[in-house]
Amino acid sequence: MNPSAPRSHDTIRAVLWQGDHLHLLDQRLLPREEAYVDCRTSDEVAQAIRDLVVRGAPAIGIAAAWGVVLAARQDRGGLDAALARLRAARPTAVNLMWALDRMQRAIARDAGADALAGEAQAIQDEDLAANRRMGELGASLIAPGSGVLTHCNTGSLATAGYGTALGVIRAGVSAERIGQVFAGETRPWLQGARLTVWELLRDAIPATLVADSAAAHLMSTGQVQWVVVGADRIAANGDTANKIGTYQLAIAARHHGVKFMVVAPSSTVDMATASGDDIEIELRSPDELFGYAGQRTVVEGARAWNPVFDVTPAALIDAIVTERGVVEHPDAARMAAVFGAA
Ligand code: MRU
């Protein structure tokens with residue numbers, strides 16, 4: 001069986017290389033419409049990343065790698081500038097920089113067009129394999145019959161397929177370790193409400209939507225034993241940047257004795273960044289807060305502050321699950337034992 005092929009509970013692919021262009025499931029339109037955006041130049045890929053046509057740390061890295069393939073086919077002389085534009089598309093998810101660094105090393109080896117495409121395909125295939133491995137590792141930490149709460153979208157839509165935190169949830173549901181999945185709606189862009197609930201129902205995994213502001217109350221009812229989230233960048237001491245709202249989930253989880261798991265491939269680990277204080281947090285347009293479904297909901301003239309990631313301190317994390325293994329109660333020494341020094 002083709003290892004990249006979708007399986008049951010895992011049927012969605014959002015980033016598809018079509019031989020001469022990149023076919024991206026447009027995540028701005030889900031779940032209302034399943035439409036695709038075709039990128040034929042690296043600048044179109046950079047624009048798609050900026051506009052959240054494609055989003056989620058690993059998926060951004062994979063799309064950017066294909067963007068380099070397109071750039072090399074367009075004009076090898078313009079590669080450095082194209083790489084710089086891809087690198088600047090979004091600041092927080094280190095998978096973007098990691099994938100571009102890897103493509104740049106292939107370019108430095110004088111890789112031809114086919115070899116560059118091979119490198120991008122390897123990045124995509126390795127991500128899917130890592131997700132399946134993390135699914136097994138993470139699910140094994142969860143006691144049978146548990147309830148879990150997740151945040152944002154970390155599934156097939158955000159990766160090469162299967163997902164990170166949603167991969168653990170897929171594996172945990174298949175193994176009957178997880179009995180209930182709660183998804184926080186993830187304001188303001190609604191990755192949880194629009195994307196995670198769609199993805200889980202599409203793959204026949206029952207999911208219950210909760211308002212972000214219901215999370216602490218949900219924990220107080222005893223219905224969840226684990227919060228399971230992804231990451232955009234994990235610093236050398238285990239501090240973890242993820243979608244805005246993750247930090248307050250970790251605080252509430254600790255208060256209620258609920259365990260907190262971060263699931264991310266090693267491409268999300270940034271040993272060159274000492275702590276969460278050094279991670280750049282993306283600020284997006286206040287317009288994301290001013291309206292709902294195209295309708296303005298806030299009075300004209302209002303101001304808004306819209307950071308789209310936050311940092312959860314390592315001390316609030318019970319386990320970081322990567323394809324290289326699980327780091328329990330992460331700190332700098334435990335991270336270095338698995339990932340080496342920077
Ligand atoms: O702004 P987004 O939608 O790209 O943010 C995505 C997240 O924060 C995810 O939790 C993270 O990238 C992990 S995806 C496997």
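Every residue, even glycine, has its Cβ placed from backbone N, Cα and C.
The shown structure was predicted, so the numbers you read here are calculated from the model rather than taken from an experiment.
Annotated features, as they stand in TrEMBL:
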ACT_SITE  Asp232  active site, proton donor
BINDING   Arg55, Gly56, Ala57, Arg90, Gln191, Asn242, Lys243  substrate binding site
SITE      Cys152  site 'Transition state stabilizer'
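Here the features listed in TrEMBL are placed on the structure.
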residue : record                             : contacts (Cβ under 8 Å, 6+ apart)
Arg55   : substrate binding site             : Gln27, Ile49, Asn153, Leu157, Ala158, Gln191
Gly56   : substrate binding site             : Asn153, Thr154, Leu157, Ala158, Thr159, Gly230
Ala57   : substrate binding site             : Ala93, Val94, Asn95, Leu96, Ala158, Gly230, Ala231, Asp232, Arg233, Ala264, Thr268
Arg90   : substrate binding site             : Ile49, Arg50, Ile60, Leu96, Glu282
Cys152  : site 'Transition state stabilizer' : Ala158, Gly184, Thr186, Gln191, Gly192, Thr196, Val229, Gly230, Asn242, Lys243, Gly245, Thr246
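Listed in sequence order, the residues Ile60, Ala93, Cys152, Asn153, Thr154, Ala158, Gly230, Asp232, Phe309 complete the 8 Å Cβ shell around the substrate site centroid, once Arg55, Gly56, Ala57, Arg90, Gln191, Asn242, Lys243 themselves are left out. The maximum pairwise C-alpha distance among Arg55, Gly56, Ala57, Arg90, Gln191, Asn242, Lys243, the residues recorded as binding substrate, is 17 Å. Classification of Lys243 (substrate binding site) by DSSP places it within a strand. Looking only at the recorded positions Gln191, Asp232, Lys243, the densest Cβ neighbourhood within 10 Å occurs at Asp232. Every protein chain considered, the tally of other Cβ atoms within 10 Å of the Cβ of Asn242 (substrate binding site) stands at 29.
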